[in-house]
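Below is one structure, written out as structure tokens; comments come after it.
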Amino acid sequence: MNVETTIAICNSQRSACISVMKSTRMCSLAIAVLIIPVFICGKLFVLMIQASRSTAPQTQLVRDLFKTYDKKVKPTVGPAEPVNVTFSMNLYQIVEINEPQQYVLISVWIIERWDDRMLWWDPLNYSGTIEVHLPCENVWLPDTTLYNSLVMKDEDSRRLQNVVIRTRPSEQVAHIEMLYPAIYKFSCKLNLEFFPFDIQVCTMVFSSWTFDKTGIDYFAYANSVGTSNYIENEGWHIIKTTMERIEREFECCPIPYSLLEIKLHLRRKPLFYVVNLVIPTSIITLIALVGFFTTSSASGIRDEKVSLGINTLLSMSILMLMVSGQMPTTSTSIPLIHWFYLGMIVIISVGTLASSIVINVHKRGQLGKRLTQPTISIIKCLSFLSMTTVPYHLQIHSKELGDILRTDRFTKSWKGAMRRRTNQPYVFSGVSLVSDKSTDLLIGSAFGNFMRTNEESQIVDVINGESEKNQDDTDAGTKLHSEIFNTRHIATKESTRRRRILFSGDSLRSERLTAIEYEWVATVVERCCFVIFLIFFLFILIGINMYGFIHWWINEG
């Protein structure tokens, strides 16, 4: 019994201990459940207090501003009150000017400024905060549009970021500034009449697409576009820029729109085109012209001139294709460089035709027909102008003709003087000094050195003085007659010998002289062609380029 009693007492004590332990554990768990939330709430409360102390004014300001603000509504008090938008643009870079497709691609920085009557606040209520930066999606924005843009999506042209809002409590408005970069691709009608010395004026038109001037009124912040950060373009130079506000009426709307018209005055830098197009073309054309100075080839023919002209025309065609690829397909005007190329092509084409004519003249010498005297006279005049040497046999022929002409003048002078003196022929020692035509060559050969007009009176005085001399003069007259006769005999013999050699009827000699004469004619013709074409070449080269340069220089000033 005692053992059983002891065991029961032990079991009862054990049960009591277990129950005490369970109750203690439950109390600890309850205490932990109560303490942890209190700790977390307290910690959060402390964090909220710290956060409210640092960001409360701006957070509260934004919360209060946009509590009743609607960005879809124009921010004015009355519906008839316009929003005045001030527009400014800073040019950063001219990316591309495309002549064939007639457009301009530029990179700019835009600033738009306007007043919003729904977003102002009193800075005293928000710890003196007068400015906040917010995303542009949170406020009302003017629908500023580039009218002549070639890009339809606004996201592809400009990148809108944040707006700067500044309060003006005295005026009860908030001034908003929106700065954004943009790349505009807009149409520009390029006038290429003076290319590559052209001046272009490209116009950009900005305005609202839906609001007339009673809804949004645009004003220019400055009279020109800013260029302080401009990156200089290698092909174009900015002469000046203008920005002007205009009003324009459209057929769709009775009230006019206010537009901002921005003009870019651009001047092309022609150095690239002068070095790569004008100078090579001039050199190629000059080479074709210098070919006229080549009297013949090593084989004695001139066929290479035609090949030179054809090869030059092919080179000009390739260069003209290079230029045509940069020109728009228009028929309103012909660019200045096209006139230059057309002029050079005409010179080379006519020069090639002239080469064919020279070859034809050269080969006519094979027919064996001698030149006529009028033709020789004309070619001699051209030969003097072109500084070409006359063939030797034609020089001898001209000298003999000159002697005959001098003889005629001398004989007529002598006979006239004698008739006026005695009305009879003068006889010197039984020899008539004034004879018929058979002795004209004799007198001309003997007194060829006394053939000047101012010496005729001296000759007459000598003849009159002979009639008053004594008989001793008869011996002198006989001696003079002998000298004249000997001179006549020698001159006649030499002349006959030259004529027999040069103008004989031998067919072989005649063919050689004919070939020499036509070779001379061909040389004179090609030299004259060279002079004429060189004058036209310089006129086109200097005239056209100076005309474009003067236009380029005047518009720069």
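Glycine residues also receive a Cβ, built from the backbone N, Cα and C atoms like all the rest.
Bear in mind that TrEMBL entries carry predicted annotations, made automatically and left uncurated.
Sequence annotations record features per position, and here TrEMBL assigns domain 'Neurotransmitter-gated ion-channel ligand-binding' to 58-270.
Marked as domain 'Neurotransmitter-gated ion-channel transmembrane' by TrEMBL: 277-542.
If you look up TrEMBL, you'll see 29-49 (among others) marked as transmembrane segment.
Sequence annotations record features per position, and here TrEMBL assigns transmembrane segment to 271-294 (among others).
Among the features that TrEMBL reports, transmembrane segment is placed at 306-327 (among others). A Cβ distance under 8 Å defines the sequence-distant neighbours of the transmembrane segment (306-327), meaning residues of its chain 6+ beyond its ends; these are 99-100, 192, 195, 277, 280-281, 284-285, 287-288, 291, 335, 337-338, 341, 344-345, 348-349, 351-352, 355-356, 359.
Within the chain carrying the transmembrane segment (339-361), a Cβ under 8 angstroms from the stretch's Cβ atoms is held by residues 278, 281-282, 284-285, 288-289, 291-292, 301-303, 305-306, 308-310, 312-313, 316, 319-320, 323, 518, 521-522, 525-526, 529, 533, 536-537, 540-541, 544-545, all 6 or more beyond its ends. If you look up TrEMBL, you'll see 339-361 (among others) marked as transmembrane segment.
According to TrEMBL, the transmembrane segment annotation covers 530-554 (among others).
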At a C-beta cut-off of under 8 Å, are there same-chain residues at least 6 beyond the transmembrane segment (271-294) that contact it? List them, or none.
195-196, 235, 302, 304-305, 308-309, 312, 315-316, 319, 322-323, 337, 340-341, 344, 347-348, 351, 354-355, 526-527, 529-530, 533-534, 537, 541, 545
